[in-house]
Amino acid sequence: MPEGQGAPPSPRAARSAPDRRSSEPALCPPSQILAPGSRGSPGSPAPRRGATRSCVPQKLAEARSSQYGLIVFVAGLLLLLAWAVHAAGVGKSHLLCVLTALMLLQLLWMLWYVGRRAAHRGLVRLKDTHAGARWLRGSITLFAVITVVLGCLKIGYFVGFSDCLSATEGVFPVTHAVHTLVQVYFLWGHAKDVIQSFKTLERFGVIHSVFTNLLLWANSVLNESKHQLNEHKERLITLGFGNITIVLDDHTPPCNCSPPALCSAISHGIYYLYPFNIEYQILASTMLYVLWKNIGRRVDSRQHRQHRKMQFRFQGVAVGSGLGLAVLAATIGVVAVYLIRIGRSKTKSESALILFYLYASALLTLMGAAGLAGLRLYRLDEQPLDESKNPARKLDVDLLVGTASGSWLLSWGSILAILCAEARPAYTWYNLPYSVLVIVEKYIQNLFIIEATHRAPGTPGEDIRALRVAVVCNGSDAPLASSCLKSDAVARDLGSQMPPAANGSLCLREVSGPGEAEPSWAGARGPACRPRLLQGSTQRSVLRNIAAFLFLCNISLWIPPAFGCRPEYDNGLEEIVFGFEPWIIVVNLAMPFSIFYRMHAAASLFEVYCKI
């Protein structure tokens, strides 16, 4: 019976129909198409009015939600700026009300999403195996716990100054603590989701969550920067730059706190915990951004079958870990000496700056050399590159390059200040090599991380030690055959048949004589034959040591600026050349990116270490 209108499709056509539908690039389900002149059977549902409308491309769908998020973010930033400059009619209570409302809206969406997923838990869900790694979720949990502790301290601060603080300053930390707990639970369970239903609503919900966390991050950065700026103005007086300071921007409530000692301890503790809160907010926003990019994404099931989970191995990295831990201990000591001596007197402040510049320059030199060695090893390796679509990896690379620009801006500002200043104190010359090394080291480290993250992870079969024999013979007409032997047993058999080499040079040839049933190996000595022997396990061990060393060094370099050791503030020369307020604005804008770069680079290096 021929297939036509009203005829059932053939079994072959029925089997191929789902495949054709799955290969279509549209994001919407295909609409029912009726033959011309037919109105369908009486029992069939009528076609929807918008069924013939073309499906919305993913880029356009992303643009709709991203513009909403940017509008919310820009409005929030303007409100933050108005409060920071003491604009008329804008108080802290107004800012906290807006942030609280944004968090409550995100809480409603997250609870709705978790409830809907729980109601359909029996359905098979697509997952992005590259997103939301377990170690990343563990890190964000640690920062979240400290953020909750910070919220508790803010509640205690509100109780102490309750006579002169608005109720919003008590509601905000409670809402933030609840928001933090629910968000961590959400990220643990759904960071890997590839959402394929309610995509428009989900895009708006996820992008709202991204920019809510970014606004909370900006609020924390602003509060922490105000505290650092007040300390900076006090330190400049001891260096003889009192003529460029302005009035301290003090936000202490105009009433007494009881008991005073407890309130003072709480106030200082809040600012020491801000760095962890800042890292939590930016990590949460990056994980949510990857979730947003995965909405409506087509996932290759073959890619998931080939994906191998990365495992943390501590064996064979004693050298890199030992050096990194020594650097970490030395950094803590340098930071302690810096904070003790800076601002005490002119001589002590200058000695503290010189100590920091010398130590940081030596450390950056070691890190740059390690990065160059790692790049060289990757160039010698013939492992294929992983060119699959990976939103998490692309975001990591973009963040590395983008946040490094903050340090580069500060370093170039310091270099120009040193070269253009009319009078240069002796200690400022140590800032010149330090600023140059910051630029070079981050450039090399970014190349190393990008190279490593784009390498395909090794298969279990490659864990066996491999012996590669490369033959390069010049001026010889004999037929040569290069061999790549990936088995220990074959390598040992070869070793017993190889003739001894002279001066460490050996050329292996496959010789087939008239009466030989199997090829034999002949040795040739001389400068014309230049072999290269590479052992895969040794190369991976060296790369793991480099990754472990750089990981601990980046954590070490995160500590000084996060806890108040900021020579860009305390140097004083930049303020004279550029002006106090312009340079302070540059530092306040660039420093958060510089701090985040070190933590993000450490996270990327940990992933590189597990991947090698």
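Backbone N, Cα and C atoms are what each Cβ position is placed from, and that goes for glycine too.
Per TrEMBL, the features are:
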{"type": "REGION", "residues": "1-53", "note": "region 'Disordered'"}
{"type": "COMPBIAS", "residues": "35-49", "note": "compositional bias 'Low complexity'"}
{"type": "TRANSMEM", "residues": "68-87", "note": "transmembrane segment"}
{"type": "TRANSMEM", "residues": "93-114", "note": "transmembrane segment"}
{"type": "TRANSMEM", "residues": "135-159", "note": "transmembrane segment"}
{"type": "TRANSMEM", "residues": "171-188", "note": "transmembrane segment"}
{"type": "TRANSMEM", "residues": "278-295", "note": "transmembrane segment"}
{"type": "TRANSMEM", "residues": "316-340", "note": "transmembrane segment"}
{"type": "TRANSMEM", "residues": "352-375", "note": "transmembrane segment"}
{"type": "TRANSMEM", "residues": "542-564", "note": "transmembrane segment"}
{"type": "TRANSMEM", "residues": "576-597", "note": "transmembrane segment"}
Whether the transmembrane segment (316-340) meets the transmembrane segment (542-564): three or more C-beta pairs under 8 angstroms: yes
Long-range environment of the transmembrane segment (576-597) - Cβ separation under 8 angstroms, sequence gap at least 6: 221, 225, 229, 232, 241, 244-246, 275, 278-279, 282, 399-400, 402-407, 409-410, 413, 416-417, 420-421, 442, 558, 561-562, 566, 568-569
Within-chain partners of the transmembrane segment (542-564) [C-beta distance under 8 Å, separation at least 6 from its ends]: 228, 231, 272, 275, 313, 316-317, 319-321, 323-325, 327-328, 330-332, 334-335, 338-339, 356, 360, 363, 366-367, 370-371, 373-374, 377-378, 445, 448, 452, 591, 594-595, 598-599, 601-602, 605-606, 608-609, 612
Feature contact check the transmembrane segment (68-87) with the transmembrane segment (135-159), CB under 8 Å, 3 or more pairs: no
Beyond the flanks of the transmembrane segment (171-188) by 6 or more, those residues with Cβ under 8 Å of it: 96, 99-100, 103-104, 106-107, 110-111, 113-114, 132, 137, 140-141, 144, 147-148, 151-152, 154-155, 158, 209, 216, 280, 284, 287-288
